[in-house]
Amino acid sequence: MGAPPGYRPSAWVHLLHQLPRADFQLRPVPSAFAPQEREYQQALLLVAALAGLGLGLSLIFIAVYLIRFCCCRPPEPPGAKSPPPGGGCVTWNCIAALLVGCAGIGVGFYGNSETSDGVSQLSSALLHANHTLTAIDHLVLEMVERLNEAVRTELTTLEEVLTQRTELVAAARGARRQAETVAQQLQGLAFWRGVPLSPLQVAEDVSFVEEYRWLAYVLLLLLELLVCLFTLLGLARQSKWLVIVMTVMSLLVLVLSWGSMGLEAATAVGLSDFCSSPDSYILNLTQEETGLGSDILNYYFLCNQAVSNPFQQRLTLSQRALANIHSQLQGLEREAVPQFPSAQKPVLSLEETLNVTEGNFHQLVALLHCRGLHKDYGSALRGLCEDTLEGLLFLLLFSLLSAGALATVLCSLPRAWALFPPSDDYEDTDDDDPFNPQESKRFVQWQSSI
């Protein structure tokens, strides 16, 4: 099948499409995009389940590490105030992990923006295609109404005026038959009229889902950013309660990161299968939803010299009929108007209607050509298979960096918390120190008493 203009499957599409797939019984599953097949659905669920497996392993590792830290920690000698060896290394490991998490957040914001741009391009292509299809229906309806009105009024009046000349009446009736032929042929060109599938509705649904997806990822990114910043603040101020709260929040964000990773991985794999060969699936789905013939769908989705225009015969007959009407009106204007002056007004009105109809007909021919809709199809594929897929991969990288950084933080924070000095140590500060909290409190009380 011919590829849409400007679209070629990317290297990421080929790489993800070649990954092996298996169902729940670990039997191989073809990589062809078939979301309606149960085995293919199981294969995507299994890809998402790998993230759940990673979450379980990371939680087990964190639990074992913390249990070992709590149970196997050597007792501190009484009266010891100096931190044990390696304490600074633990703190710096935690800070490094938080910085990696912050870098992952930047990657996540970029990936979220790329995904949103790709979906926006898809929606714009659908809206433009809907505009083209609506314009075709509108032009056909307008031309048919004009021709029917001309048959009912001007041509009927012209036949009544020319009753004394049978050959002129025959010419007027010939123009009537030609106008009826054009109207009949034009009605068959509005191929999208009555089709239940609306590109406008699809674009609105896609935009609605994308708004909530974008917002959900922004909230997740902001939540992780706040966790990283407040954790750094807790380490800097050696605040035990803040570190405890951030430990709980880090565990929550860790679960969310692994969950988003599974969703992103399954979506990226399924999207790569679709983008590797989109024509066949789109053709079959559109034919099922619209009931249109395969000749029309092949013409617009493929748009190459091997596929003929299914409307060419109707367009040719309509153009010939319009040319015949034009020649007949010229003959009537030349023969009938000098003998029947009252025939001039309907003849001029018919010529005006014919000129407007011919202009609309040329515009309709341009809209019916496959170039416009095929260009929209290619734009939609580029948005979905390039920008959106690239954004998903960046979001997948963000989730991976986030999961690794938060797992490291969860292992490091309890050890860093254990190194914080007890609250009694803060009471040993110099009474003359202006930054001493007790001294500051006494200073405020002294000012209020003045």
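Glycine is treated like the rest: Cβ placed from N, Cα and C.
In this model, the topological domain 'Extracellular' (1-43) carries an average pLDDT of 86. The feature topological domain 'Extracellular' is assigned by Swiss-Prot to 1-43 (among others), with similarity to another entry given as support.
Taken from Swiss-Prot, the feature transmembrane segment covers 44-64 (among others), and the record attributes it to sequence analysis.
Residues or ranges marked as topological domain 'Cytoplasmic' in Swiss-Prot: 65-88 (among others).
Annotation comment: Swiss-Prot describes 89-109 (among others) as transmembrane segment, evidence class sequence analysis.
The annotation topological domain 'Extracellular' is assigned in Swiss-Prot to 110-214 (among others). Secondary structure counts, DSSP: the topological domain 'Extracellular' (110-214) has 89 helix, 0 strand, 16 coil.
If you look up Swiss-Prot, you'll see Asn130 (among others) marked as N-linked glycosylation site, on the strength of sequence analysis.
The number of other CB atoms found within 10 A of the CB of Arg165 (site 'Essential for the formation of the channel-pore'), across every protein chain shown, is 15. Per Swiss-Prot, the feature site 'Essential for the formation of the channel-pore' maps to Arg165; the stated evidence is similarity to another entry.
The feature transmembrane segment is assigned by Swiss-Prot to 215-235 (among others), with sequence analysis given as support.
Annotation source Swiss-Prot lists topological domain 'Cytoplasmic' at 236-240 (among others).
The transmembrane segment annotation in Swiss-Prot covers 241-261 (among others).
Annotation comment: Swiss-Prot describes 262-390 (among others) as topological domain 'Extracellular', evidence class similarity to another entry.
DSSP assigns Cys275 (disulfide bond) to a helix in the three-state reduction. Residues or ranges marked as disulfide bond by Swiss-Prot on the basis of similarity to another entry: Cys275-Cys385 (among others).
Sequence annotations record features per position, and here Swiss-Prot assigns N-linked glycosylation site to Asn284 (among others). In sequence order, no residues are near Asn284 (N-linked glycosylation site), counting only same-chain partners six or more apart with C-beta under 8 A.
Cys303 (disulfide bond) has a Cβ environment of 21 other Cβ atoms inside 10 Å. Under the heading disulfide bond, Swiss-Prot lists Cys303-Cys370 (among others).
Taking a C-beta cut-off of under 8 angstroms and a sequence separation of 6 or more, Asn355 (N-linked glycosylation site) has no same-chain neighbours. Residues annotated as N-linked glycosylation site in Swiss-Prot: Asn355 (among others).
According to Swiss-Prot, the transmembrane segment annotation covers 391-411 (among others), on the basis of sequence analysis.
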Cα-nearest neighbour of Cys370 (disulfide bond) within the listed recorded positions, Asn130, Arg165, Cys275, Cys385: Asn130
Neighbouring C-beta atoms (10 Å sphere around the C-beta of Cys370 (disulfide bond)): 18
Spatially closest candidate among Arg165, Cys275, Cys303, Cys385, the listed recorded positions, to Asn130 (N-linked glycosylation site) (Cα to Cα): Cys303
Any contact, the transmembrane segment (44-64) to the transmembrane segment (241-261), with at least 3 Cβ pairs under 8 A: yes
Distance from Cys385 (disulfide bond) back to Arg165 (site 'Essential for the formation of the channel-pore'), taken between C-alpha atoms, in Å: 68
